[in-house]
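**Q** The structure follows.
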Amino acid sequence: MQSPGNLQDELLPSHMRRAGRMESLHEFQRRAMSYDEGENKQSPIDHQIALDIGRNYRLDQLLDPEGKKSPQDQHMSLNAIFGDQLIDPDSGKKSPQDQHMPLNAIFGRAKSQSLAVSELSEDLRHAVRTRRASSSLFGGVKRSKRTTEKYYRRQAKVLCFLVLLGVIGGPFNYCIRLLFGQIKSLRIYLVGLCSSDGSQFVVWTAHTVFFTMLGVLWTRLSPVAAGSGVSQMKSIMTGIDPRMYLPGYFDASTFIAKVFGLSCAVGAGLIVGTEGAYVHIMSIITHHLLHTPMFAGFCGHLNGRLQLLAAACAVGVASTFSSPIGGVLFSMEVTSTYYLISNYMKAFISSVSGSLMLQITLALADSSSKELESTAIKTSLGPVPFVMWEIPLYVILGCLIGVLAWGMVVLLRVVAQKRKKLRTSKSKWKRRFATWVDPLAVAILTATVTYWPGEFARLKSLEELAILFTQEQLPESWQIVSKFYSLAILSITYIILLPLSISLQIPTGIWLPTFIAGAAFGRMFGEALRSIHGLEEITPGAFALAGAAAFAGASTRTVSAAVITLEITGSMPLMLPIFCTVLAAIGVFNMCPEQSVYDTLLLISGMPYLPLVDFDPKLVASDIVEPLLVYVTKRTTVGRLLLTVMRMKDQDLPVVHNEVDMRLLGLVDVNQVKDLIRHYYEANNLPDVEVDLGEAPTSTPNDFSWTTLMSKVSRTKNAPGGFYGQMSYDYMYQALATTIKDRQPNQIGPNGAVPFMMDDDRMMQLISESWSEDKKRLLEKPIKLTYGGHCALKPMALTVSSFTPLDDLHMIFTMMRCDHCYVCDQGSLAGVVTTKTMLQISALEQHDK
C-alpha cells in the first residue's frame with residue numbers, strides 16, 4: 001500500500017518531488033535552471049506539466065471523499081497532469097473521455113489515508129510511467145533506447161574483434177618463432193663449419209655479439225620498445241594516458257622495433273624470454289585495429305578499450321605457451337591490480353582463439369624442426385610420479401626457490417638502477433657506455449658462459465628442456481664432470497645472466513629463463529634426495545617440474561605459473577605438489593622486502609603506477625587539489641568561451657553558476673560549446689571562426705601567435721591519439737602548466753613567459769590581436785550558455801568533497817581508472833585532482849617510508 005503523500009510524489013514531476021533520490025537528468029536540469037541569476041521564469045517544460053499541486057495542494061485534498069473541493073479541481077483533466085501523454089493505445093490519439101475524466105472517477109472515493117497502486121487504472125499507471133521515463137533525458141524531448149538489433153550488432157562486433165585478435169596473434173607468434181629459430185640455426189650451422197674449439201668459440205661469440213648489437217640498433221628506432229611490455233601494460237591498465245607518459249608506445253615504428261629487436265635478442269642466445277614482448281606486440285595490434293572504421297566505435301569509452309587491451313594481453317601470453325587458461329590468469333595477475341569480471345569471458349575467447357590458431361598454424365607448417373614443435377613439453381614421469389609423504393619435500397623446495405628468486409630480483413634491482421644512472425648521466429661517455437659497451441659486454445659474457453661449460457648450457461629451445469622432466473638418468477653430456485655440477489652451473493648461469501639481459505635496452509621477456517633456472521635447481525634437489533639411502537624411488541623429474549613452476553611464480557608473484565606448467569606439460573597428476581611448491585615459494589618471496597620482477601622494472605624505469613600504498617590519514621583531497629582549472633559560467637562571453645575551448649580541446653567542461661560562489665552545476669560537451677561559438681559567429685557575420693577555434697591554419701606572419709602557441713600545446717609524438725584517441729585531462733593540465741618563451745616582449749610582458757592558466761587577460765590579448773574593434777565588441781558581449789540551444793547541461797559523473805581522505809581518493813582512481821576528479825566544497829567547485837597529482841603524492845609517501 002502506498003500513502004497519498006507518496007502517490008503524490010509519483011504524480012509530480014521529478015524536480016518537484018519532496019522525497020527520494022534524484023532519479024533523472026530532468027530533475028537535475030530543473031534544479032540547475034533555478035540558478036538563473038535572479039530570473040524566476042517558468043521553463044517550457046513547466047508549461048507542459050503545469051499542475052499547481054505539490055507546493056499548494058495535497059493529493060488527498062484533491063481526492064476529498066466529502067466532495068468539498070470545487071468541481072474544477074475534481075474535473076481537472078489528466079492532460080493537465082501528465083502533459084498530453086495519456087494516449088489511446090489503439091488509435092494513438094488522446095481519448096477525450098480520458099482527457100476530461102474527473103479524478104474521483106479514476107481514484108474512487110478514498111475513505112482512508114492509503115491507496116494501493118494496483119487500484120489505479122491501467123491508463124493512469126501507464127501515464128505515470130511514461131511521464132517519469134520521458135523526463136530521464138535533458139530536455140525531455142529525446143530518449144535514445146538501445147534496441148535489440150543494435151545490442152546484438154554490438155555484441156557480434158565485439159565477438160568478431162576478440163576472435164580476430166586470436167586469428168592474428170597465433171600465426172604472427174609462429175612467424176616470430178620461425179624468424180629467431182632461423183637465426184639460432186644459423187649459429188649452429190656456422191659453428192659446425194669449424195673444426196677446433198677455439199674457432200668454434202670465436203664464431204659462437206661473434207654470432208651472439210652481432211645479433212645482440214643488431215637488436216640494439218633496431219630498438220634505437222623506437223626506444224620505448226625496450227624491455228618487457230608487461231610492466232608498461234600494467235601501468236597503462238591503471239587508466240593513465242600513454243601518450244603523456246609513454247609517448248610512441250603504440251606507434252608502428254615501435255611495432256617494427258619490437259618484432260625485429262626481439263628476434264635478434266632471442267636468436268643471439270641472450271637469456272631472455274618472449275612473453276612480455278608478445279604482450280606488447282598484441283597491444284599495438286589492438287590499438288591499430290581499434291582505429292579501423294569497423295571498430296572505431298569502441299574508442300569512445302576508456303573501460304571498453306582497457307577491456308580489449310586486457311584481452312590482447314591474454315592472447316600474447318596464451319600464444320606464447322599454447323596455454324589458454326594459464327594465459328588468461330597470468331595476464332590478469334601481472335597487468336591488473338583490480339580485474340573486471342566482465343572482461344573474463346572476453347579474455348578467454350581471445351586466448352582460446354589465439355592458442356587454436358597457433359596449433360593450426362603449426363600443424364599446417366611444412367616443417368619438422370623441434371623449434372616449431374615446442375608448444376608443449378613432453379614429460380616422462382611414470383604413472384605415479386609422487387606419493388603423499390613427499391609433499392613436505394616439495395614445500396622445502398619451494399622455500400629454497402623463494403630465497404633464490406629474491407636474490408635474483410635484488411640483483412636485477414641493483415643492475416637496473418646502475419644502468420638507469422648511466423643512461424641519464426650528464427656525461428656523454430657514460431651514456432655511450434650504457435648504449436653500446438654495456439650490451440657488448442653482456443653478449444660476450446653470455447657467449448662465454450653458454451659455450452665453455454658444455455652442451456648442457458646450450459639449450460636452444462623449450463623442447464630440449466624436456467630431458468630434465470624424466471625419471472631416467474640425465475644424458476652423458478650432463479655427467480662429464482658431474483650431474484650436480486651441470487645442474488648447478490645451468491641454474492646459476494640463468495639466475496645471474498637474466499638480470500643482466502632483461503635490463504638491457506632491447507625487447508625481452510622473463511618467464512622462460514626463470515622456468516629453466518627453476519627446472520635445473522629442482523632437478524638438482526631431486527637428484528640429491530634420490531642419492532640418499534631409502535629415497536631411491538623419488539622421481540627427480542617431478543621436482544624439476546615443480547621447481548620450474550615455483551621459480552617462475554615467485555619471481556613474478558603469480559600462481560598462474562603453476563597452471564601454465566600443467567598445461568604445457570600435461571602433468572595433471574602433479575597438480576597438488578606443483579601448487580604446494582609454488583605457494584611456498586611465493587610465500588617466502590613475499591616475506592622479503594622486494595617487488596616482483598615486473599614491478600621492480602616498472603618502478604625503476606619511473607613509469608606511472610598507482611601502487612597500493614597507505615596514505616597519512618590526516619591528508620585529504622584539499623591538500624593536493626589544483627585550484628586553477630578550466631571552467632565556464634552560465635553567463636559568459638564568446639571570447640571567454642574561445643579561451644576555454646582552446647585550453648580543453650577534447651574534454652567536457654565544468655559549468656559553474658558564477659565566479660563568485662563557483663557553485664558547480666554540471667558538465668557541458670566542448671563540441672557543443674564549439675557549435676555555440678560557430679552559431680554566434682554566423683548570426684553576427686563574424687569571420688575566421690575556424691581560425692579562432694584553432695582548427696584551421698593561419699597565415700599570420702608573427703613568430704609567436706595564438707595558433708603557434710596551441711600547436712605547441714597539442715604537439716605529441718604519438719600523433720594518432722595514443723590509446724585514448726583524444727587528449728586526456730592529465731595531458732591537457734600538464735600542457736596548461738607549461739610556459740613558452742617570449743619572442744615578442746611587447747606582446748607578452750616583462751616576465752618573458754606565457755602561463756596558460758594564470759593570466760586570462762594576457763591570453764585574451766593574445767587571441768584578439770588580429771580582431772577588429774567591432775569583432776572585439778561583439779565577442780565581449782555577455783551571453784547565456786544556452787544561446788542558440790546548442791549546449792545541454794549534464795550531471796557530473798564523479799565529485800568528491802574537500803575532506804575526502806587520500807586513501808579513499810586513491811581507491812577511486814585505482815578502481816575506476818579515471819584520470820581526474822573534481823573537488824567540491826559544499827557544492828562550490830574548489831579544484832581538480834589529476835592522475836599526475838596522485839602519482840606524485842604516492843611517490844612522496846613511498847619515499848617518506
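Heads up, the Cβ atoms here are built off N, Cα and C, so glycines get one too.
Annotations for this protein, taken from TrEMBL, read as follows:
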- 156-180: transmembrane segment (TRANSMEM)
- 201-221: transmembrane segment (TRANSMEM)
- 252-272: transmembrane segment (TRANSMEM)
- 309-332: transmembrane segment (TRANSMEM)
- 344-365: transmembrane segment (TRANSMEM)
- 391-412: transmembrane segment (TRANSMEM)
- 433-452: transmembrane segment (TRANSMEM)
- 484-502: transmembrane segment (TRANSMEM)
- 509-526: transmembrane segment (TRANSMEM)
- 538-556: transmembrane segment (TRANSMEM)
- 568-589: transmembrane segment (TRANSMEM)
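Walk me through where these features lie, including what they touch and how far apart they are.
**A** Beyond the transmembrane segment (252-272), the same-chain residues lying 6 or more positions past its ends with a Cβ under 8 Å from any Cβ of the stretch are 176, 179-184, 186-187, 207-212, 214-216, 218-222, 224-226, 229, 280-281, 284-285, 288, 442-443, 446-447, 450, 493-494, 497-498, 500-502, 504, 506-510, 512-513.
Through the fold, the transmembrane segment (391-412) approaches residues 495-496, 498-499, 502-503, 514, 517-518, 521-522, 525, 529, 538, 543, 546-547, 550-551, 554-555, 576-578, 580-589, 592, 594-597, 600-601 of its own chain, all at least 6 residues removed from its boundaries and within a Cβ separation under 8 Å.
Outside the transmembrane segment (484-502) by six or more residues, the chain places 227-228, 265, 270-272, 404, 407-408, 411-412, 415-416, 442, 445-446, 449-450, 453-454, 456-457, 459, 474, 478, 508-510, 513-514, 516-517, 520-521, 523-524, 527-528, 597, 601 with a CB less than 8 A from a CB of the stretch.
Using a Cβ-Cβ cut-off under 8 Å and counting only residues 6 or more beyond its ends in the same chain, the transmembrane segment (538-556) has close neighbours at 333-334, 379-382, 385-386, 390, 393-394, 397-398, 401-402, 404-406, 408-409, 468-471, 510-511, 514-523, 525-527, 529-530, 562, 564-565, 569, 571, 574, 577-578, 581-582, 584-586, 588-589, 596-598.
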**Q** Which bits of the chain, at least 6 residues beyond where the transmembrane segment (433-452) starts or stops, bring a Cβ under 8 A of a Cβ in it?
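**A** Same-chain residues near the transmembrane segment (433-452) but 6 or more away: 200-201, 204-205, 207-209, 212-213, 216, 268-271, 419, 422-423, 425, 458, 493, 497, 500-501, 504-506.
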